[in-house]
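As recorded in TrEMBL:
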- 372-384: compositional bias 'Polar residues' (COMPBIAS)
- 388-402: compositional bias 'Basic and acidic residues' (COMPBIAS)
- 111-162: domain 'Integrase zinc-binding' (DOMAIN)
- 257-352: domain 'DUF5641' (DOMAIN)
- 372-402: region 'Disordered' (REGION)
Amino acid sequence: MKCENFSSLIRLLRITAWVQRFIKKLKKDTISGPLTAKEIEDAKFMWIVHIQRKHFAKEIHDITKNKSSNIIRQLGLTIDNNGLIRCVGRIEHADISENAKRPILLPKKEAFTKLLIYSYHRNLLHVGVAQTLSQIRQKYWIPQGRSTVRHVLRTCGNCIRYEGGPYKMPLIPPLPKNRVTESSPYTYTGIDYFGPLYVKTVNGSEKVWDIDSNIVLTPSCFLTLNKHTGIPERIDNDEDPEYKPQFSSTDNLLEIWKKGQKHLNRFWKVWRDDYLLSIRERTTVKLKEKRVRSNQYPQIGDIVLIKDNLPRGMWKIGKIINLSKSSDEQCRSAKVLLPSKKTLNRTLNFLYPLEWYDEHCEQTDNVNNVEQNSKCETQTSSTRPQRRAAEQAKQKIHEWTS
Ligand SMILES: [Zn+2]
């Protein structure tokens with residue numbers, strides 16, 4: 001049996017207990033009826049003994065031979081009458097339960113430990129890291145417990161569903177070239193993607209997503225050009241001689257054109273000196289984002305919650321089917337497929353990933369981060385490489401505790 005194949009501790013323990021009962025029956029033991037609490041406790045005991053022998057064989061050998069090592073000294077390890085390794089520490093005289101004084105040592109990188117942490121977390125109604133850890137420490141001791149518990153809690157589907165954050169957004173890119181270069185009106189046009197319009201009907205208000213019309217609106221619909229001069233026709237009776245309609249002549253038109261050019265040049269000068277340069281003052285390079293954000297990078301196939309103006313429990317679920325890249329090769333929005341087969345385009349800060357991939361966590365925790373980011377091609381900011389001393393210390397701690 002492998003712990004990795006089970007999603008909950010109680011299921012693992014019950015199946016183990018049934019297997020143990022079957023073995024007892026083979027030995028002609030007559031037991032019947034539902035499983036008892038003792039049988040489940042025995043199954044748990046068996047698993048703890050098994051994983052302790054698997055991960056702490058050297059320590060068990062050292063303790064039985066009365067040898068000492070760093071981890072034995074540090075945690076005050078001892079073996080109790082049942083053969084379990086316990087941490088004595090220096091709180092022998094504290095007024096707490098015997099189990100809390102001498103907690104059972106559990107290895108951190110073990111599927112059974114993760115199932116145990118998750119069962120505590122679920123039994124305590126999905127509380128946070130500190131509360132889960134303090135309850136576990138009433139009976140067990142896990143080296144580097146806080147980070148182990150944090151890692152397990154990050155994978156909890158319920159907590160991600162209700163408390164997980166959206167994807168990180170890359171830094172704000174430079175303004176597109178067509179917005180910061182001079183050009184005549186309507187050189188660049190686009191469509192403003194708008195939401196539903198609310199139309200009054202006999203039944204009240206109704207959402208309308210598009211206007212059912214055969215008329216295509218173009219810039220010419222908004223301008224009435226004078227066929228002869230190309231300058232918009234003036235229809236009001238202004239007494240200003242400058243604006244009085246005049247009969248066209250070559251000299252007259254040239255004069256008007258020169259005047260127009262002069263005003264235009266002045267306008268572009270003001271635009272460049274006063275407006276465009278003032279934009280530089282804006283130093284914001286990051287979008288305002290929530291404190292809780294996902295550490296994952298968006299990938300096609302990710303299942304996400306789509307943020308809406310509704311309580312979180314009512315947000316729609318979708319699957320990312322395409323990632324759009326900006327001109328700076330960063331991904332800022334994604335196309336999401338809904339269960340109804342409709343597709344939506346949403347920016348990444350509106351998408352909350354629902355799944356946790358273990359490899360993300362492993363890779364973001366170490367210096368291979370850069371490699372992972374380049375693979376995803378959606379990396380936002382590089383992580384500072386760790387100092388060599390920190391790396392060596394990490395390696396040493398790893399050797400002691402695993
Ligand atoms: Zn949870």
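Using N, Cα and C of the backbone, Cβ positions are placed for all residues, glycine too.
For the compositional bias 'Basic and acidic residues' (388-402), the residues of the chain that approach it from at least six positions outside its boundaries are 55, 70-71, 74, 107-109, 143-144, 367, judged by C-beta separation under 8 angstroms. In this model, the domain 'Integrase zinc-binding' (111-162) carries an average pLDDT of 91. Secondary structure of the domain 'Integrase zinc-binding' (111-162) per DSSP (helix as H, G, I; strand as E, B; remaining residues coil): 37 helix, 2 strand, 13 coil.
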